[in-house]
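Visitor: Below are the features I grabbed from Swiss-Prot:
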BINDING   R33, G243, D244, T276  substrate binding site
BINDING   N35, S37, D67  K(+) binding site
BINDING   N35, F36, S37, H38, R74, K155  ATP binding site
BINDING   E220, D244  Mg(2+) binding site
SITE      K218  site 'Transition state stabilizer'
Amino acid sequence: MSRRGKIVCTLGPATNSDELILALVEAGMDVARLNFSHGDYADHKAAYERVRVASDATGRAVGVLADLQGPKIRLGRFATGPTYWADGETVRITVADCEGSHDRVSTTYKKLAEDAAVGDRVLVDDGKVCLVVDGIEGDDVICTVVEGGPVSNNKGISLPGMNVSAPALSEKDIEDLTFALDLGVDLVALSFVRSPADVELVHEVMDRVGRRVPVIAKLEKPEAVDNLETIVLAFDAIMVARGDLGVELPLEEVPLVQKRAIQMARENAKPVIVATQMLDSMIENSRPTRAEASDVANAVLDGADAVMLSGETSVGKYPMAAVRTMSRIICAVEDNSTAAPPLTHVPRTKRGVISYAARDIGERLDAKALVAFTQSGDTVKRLARLHTPLPLLAFTAWPEVRSQLAMTWGTETFIVPMMTSTGGMIRQVDKSLLELGRYKRGDLVVIVAGAPPGTVGSTNLIHVHRIGEDDV
């Protein structure tokens with residue numbers, strides 16, 4: 001494995017065939033994102049199955065992420081299709097169900113007329129169009145267009161500063177989550193997280209279905225930034241979703257929030273994704289801007305586990321080129337250094353201390369790899385956050401753990417039989433690494449595991465081993 005940083009690709013109309021999904025995997029996709037804000041269940045099921053087939057065909061671990069819409073507020077539909085709101089026009093956004101016209105359109109947020117006040121801003125399509133509330137008349141919020149632009153069906157609305165009372169999980173989200181879990185997705189992302197308690201609502205649905213998978217908190221609201229530390233602790237991973245975040249917060253604050261979120265996630269051994277507009281110009285062009293290349297590189301330098309493509313791979317003209325370009329940028333950064341900003345965290349847990357010790361032993365002895373046996377992936381994540389230049393190989397008996405670790409920095413995961421003894425683990429390391437062809441007898445590796453084997457949370461062992469030697 002040469003590239004350590006991971007790539008998340010959003011699937012959509014631009015990648016909706018067996019051949020295109022296979023090409024995405026071959027180009028470097030590590031995690032496939034199913035965006036439940038768009039498409040229907042048939043689309044998502046077909047995409048999921050294509051990813052699984054492509055993963056098996058290539059032998060590459062590819063995770064599947066279900067991204068829930070969350071309490072996203074949207075415009076309704078326009079009867080005559082897309083329109084253009086010009087500066088100075090008056091338009092009405094209504095909570096009543098209606099067929100939209102140029103100057104009156106519905107919204108999915110049925111409490112807008114209650115929550116809005118004169119002077120509030122209403123931002124459409126990630127802030128491309130800006131309205132100001134002039135008044136309320138019954139079900140209608142009357143607005144003046146202050147920054148005009150094109151609008152079309154189902155465009156998102158942001159209400160910065162407004163106290164939105166929507167629940168963390170809508171009825172649609174509950175249905176989508178149930179479907180995604182039954183489908184077999186590996187990861188779930190929750191949109192518009194505001195507090196650590198939001199994850200409990202997701203867990204309640206998961207427990208009813210009878211299947212828990214890691215939950216990713218998407219940072220998109222000012223409340224999430226205010227509660228960042230407790231959200232990082234409560235959730236399994238973090239996504240810095242800069243589109244809505246950049247609408248809800250002053251634009252100049254977003255890079256600082258990104259750096260703070262990445263660092264805090266790493267301090268707590270939680271994987272972190274940086275998302276939105278990373279190579280946005282490649283939706284239409286075969287090459288990114290230099291600024292976009294720098295954006296991807298800086299996310300890698302900050303220590304992000306993964307960077308994400310959205311419209312570039314879902315609706316863009318050059319999805320494969322976007323993945324290959326992102327991969328080249330990541331590799332160029334890593335060819336210079338795999339280091340990330342130093343952690344201030346002082347490990348206090350057994351697994352935390354062991355991960356630091358294993359890294360130090362491996363680097364000082366010039367080992368060829370760190371090998372971690374894992375039941376849940378936790379020990380591997382603790383090793384990954386240290387950004388060691390040594391290859392990080394995870395061995396697990398659980399296919400779902402292999403797919404979940406596809407999002408974790410620098411990790412290459414292998415399915416092995418359930419181990420029952422330390423000697424069995426070491427023999428399995430020899431067998432797997434020699435079969436891989438990148439290692440030879442006599443190579444030094446550092447093994448991290450738990451004794452007795454097979455117990456979640458039992459990591460307590462570091463073993464320095466030369467491949468092929470009977471040193472149990």
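Any Cβ shown, glycine's included, is placed from N, Cα and C.
Give me the structural setting of these features: burial, nearby parts and distances.
Guide: Under the three-state DSSP scheme, G243 (substrate binding site) falls in the helix class.
Counting only same-chain residues at least 6 apart in sequence, those with a Cβ under 8 Å from the Cβ of D67 (K(+) binding site) are T10, R33, L34, N35, F36, S37, V188, A189, S191, K218.
Taking all protein chains in view, 22 other C-beta atoms sit within 10 angstroms of the C-beta of D244 (substrate binding site).
Other C-beta atoms found within 10 angstroms of the C-beta of K218 (site 'Transition state stabilizer') number 23, with every protein chain shown included.
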Visitor: Looking only at C-alpha atoms, tell me how far R74 (ATP binding site) is from E220 (Mg(2+) binding site), rounded to the nearest Å.
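Guide: It is 15 Å, counting Cα to Cα.
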Visitor: Rounded to a whole angstrom, what is the C-alpha distance between D244 (substrate binding site) and K155 (ATP binding site)?
Guide: 12
Visitor: List only the single closest residue to K155 (ATP binding site), chosen from the binding-site residues E220, G243, T276 by CA-CA distance.
Guide: G243
Visitor: What is the set of residues, excluding R33, G243, D244, T276, whose C-beta falls within 8 angstroms of the centroid of the C-beta atoms at the substrate site?
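Guide: After dropping the recorded site residues, what remains is K218, E220, A241, R242, A275, Q277, M308, S310.
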Visitor: Work out how many Å separate T276 (substrate binding site) and E220 (Mg(2+) binding site) at their Cα atoms, rounded off.
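Guide: That separation, Cα to Cα, works out to 11 Å.
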Visitor: Report the member of R33, H38, R74, K155 (the binding-site residues) whose C-beta atom has the most other C-beta atoms within 10 angstroms.
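Guide: That would be R33, with the most Cβ atoms nearby.
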